[in-house]
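**Student:** Okay, handing you the structure first.
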Amino acid sequence: MNYVLGIDLGTSAVKILLLNQNGEICDEISKPYPLIQEKSGYSEQDPLQWVDRTTEALSEIVAQFDGEVQDIEGISFSGQMHGLVLLDQNHQLVRNAILWNDTRTTDQCRQIYQAIGKERLLDITKNPALEGFTLPKLLWVKENEPDLYEKAAVFMLPKDYLRYRMTGKIHSEYSDAAGTLLLDINQKEWSKEICHHFELKEDFCPELVESHAFVGTLNEEFAKKTGLSSSTKVFAGGADNACGAIGAGILTEGKTLCSIGTSGVILSYEQGGDRNFQGKVHYFNHGKENAYYSMGVTLAAGYSLSWFKDVFAENESFEELLEEVKDVPIGANGLLFTPYIVGERTPHADSAVRGSFIGIDAAHTKKDFSRAVIEGITFSLNESIEIFRENGMEVDTIISIGGGAKNKEWLQIQADVFNAEIVKLTNEQGPGMGAAMLAAYGCEWFPTLQECADQFIRKGKTFFPNKDDAEKYQKIYRLYKSVYQQTKELNEGLKEFRQ
Ligand SMILES: Nc1ncnc2c1ncn2[C@@H]1O[C@H](COP(=O)(O)OP(=O)(O)O)[C@@H](O)[C@H]1O
Ligand SMILES: O=C(CO)[C@@H](O)[C@H](O)COP(=O)(O)O
């Protein structure tokens, strides 16, 4: 029996899966690492932590593995998107990585529009200039840390840096490159026009490959440290949302995904790069060759819940925190939460807005707040579904993955708020499964990714919308939608008091 490893370099942790040829999970290990948040709006990580935690996790997997280590045939990756990693000429790190949920770059987004023009940027990249994307981060470093910028010889995305440290080879791949604002997503090449505008040398952007491309084998040093064989094949991998989609079988038109991790996304498969959402949702290359996906993003989905838990229920598990949610009626006894705790992306690209609890009553207890938090996150994701529906897409069945799919009350809330059937997968492992599938496909275990999905992905319980409950949620959703406009100005006024 042969095996593959899927490495999901998430925001909260690296999660590694060992899968056999039947798609059965033989081992899984997760190692957390911290966020570095020096100021409000800043979010960084030390890339060396990614490498060290991955090395530890792989060593543990190998130590627990009772087969022949040479039978672990391939490795691939899924990575948190958009993060900027800068290397100098000797391929040493220049600074910490600036992550996708860092929103310090509002001025740089403005500069991008001034230099390229909004319409032209949309033509080339299919996406607007958002604080979370990579190019604005690069311009921020240029403006604020010119000495460090001078030293930078190449930029990388998080999982591409990890792969470089495992193989010694530098590459980028289309699904993650699509989130940089430097890729011409239809031509599948770094945009000369954008690079030229910002004086980026040609070799500043790594060579582009497909997600399933074989990029080399493990280097001797990494193999020795982990106990893996140096003949293990390494495949490029994909952006975490592309991999989440692969791992959930979102490989044909009409399929929709809801993923609640640190961020939350509603993602829809696109066969071509030609649908026009005018930048209202993101549009990226898929991890499947020559395919795309569109997606709306809630910046702090799972993060809102983990923030709430850390601040108000530090010693409780997520299960304990959500235990009593079922005893609270729809609408959390009149309490409404907006999850804008680090700003928002879809539908409000706004880095200054912040979250709110509206309607706090002396009778409310913690369980009302817990329910309000998960309802609010779900309302925010519903705003992305609304955009898809307004653009003529039918969204009647949604595969739900990520930490948020672990709780059955929340899955039912998704069904009722989205007014769609919600399918849970039995072997749901989020993006790590997609990464492992890219390795399995790369190893030629299957002629297509679809055949790999047919073998590996198993559907579990379906949650059906309840008509009465869906109607109640519609009413509250209308109120939810008005909170953004009504609190926008207040939040701008409060901005100067944030640290
Ligand atoms: N048992 C649970 N029930 C509901 N939500 C959960 C549970 N466990 C984790 N979560 C949510 O899932 C999030 C983490 O999801 P995950 O997919 O692991 O994230 P990431 O890939 O961003 O690191 C947490 O922030 C939390 O809000
Ligand atoms: O910024 C985006 C997508 O545009 C995020 O989805 C990141 O890719 C991080 O994902 P998670 O850690 O929440 O999985």
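The backbone N, Cα and C atoms fix where each Cβ goes, and this holds for glycine too.
Automatic, uncurated: that is what TrEMBL annotation is.
What you see is a predicted model, and the numbers here were worked out from it, not measured in a lab.
Reproduced below are the annotations present in TrEMBL:
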type	residues	note
ACT_SITE	Asp240	active site, proton acceptor
BINDING	Met81, His82	substrate binding site
DOMAIN	3-247	domain 'Carbohydrate kinase FGGY N-terminal'
DOMAIN	258-442	domain 'Carbohydrate kinase FGGY C-terminal'
SITE	Asp8	site 'Important for activity'
**Student:** By the count of other Cβ atoms within 10 Å, pick out the sparsest of the recorded positions Asp8, Asp240.
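**Tutor:** Looking at the recorded positions Asp8, Asp240, the Cβ with the fewest others within 10 Å is that of Asp8.
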**Student:** Roughly how many angstrom lie between the C-alpha atoms of Asp8 (site 'Important for activity') and the residue listed as 'active site, proton acceptor'?
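**Tutor:** Rounded to the nearest whole number, the Cα-Cα distance is 7 Å.
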**Student:** Looking at Cβ-Cβ distances, which residues of the chain lie under 8 angstroms from His82 (substrate binding site) while being 6 or more apart from it?
**Tutor:** Leu99, Trp100, Gly132, Phe133, Thr134, Lys137, Leu157, Gly179, Thr180
**Student:** Would you kindly give the Cα-Cα distance separating Met81 (substrate binding site) and the residue listed as 'active site, proton acceptor', rounded to the nearest Å?
**Tutor:** 7
**Student:** Can you give me the average pLDDT across the domain 'Carbohydrate kinase FGGY N-terminal' (3-247), rounded to a whole number?
**Tutor:** 97
**Student:** Check Asp8 (site 'Important for activity') against DSSP and tell me helix, strand or coil, would you?
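**Tutor:** Where Asp8 (site 'Important for activity') sits, the three-state DSSP reduction gives strand.
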**Student:** Using a 10 Å radius around its CB, how many other CB atoms surround Met81 (substrate binding site)?
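**Tutor:** The answer is 28.
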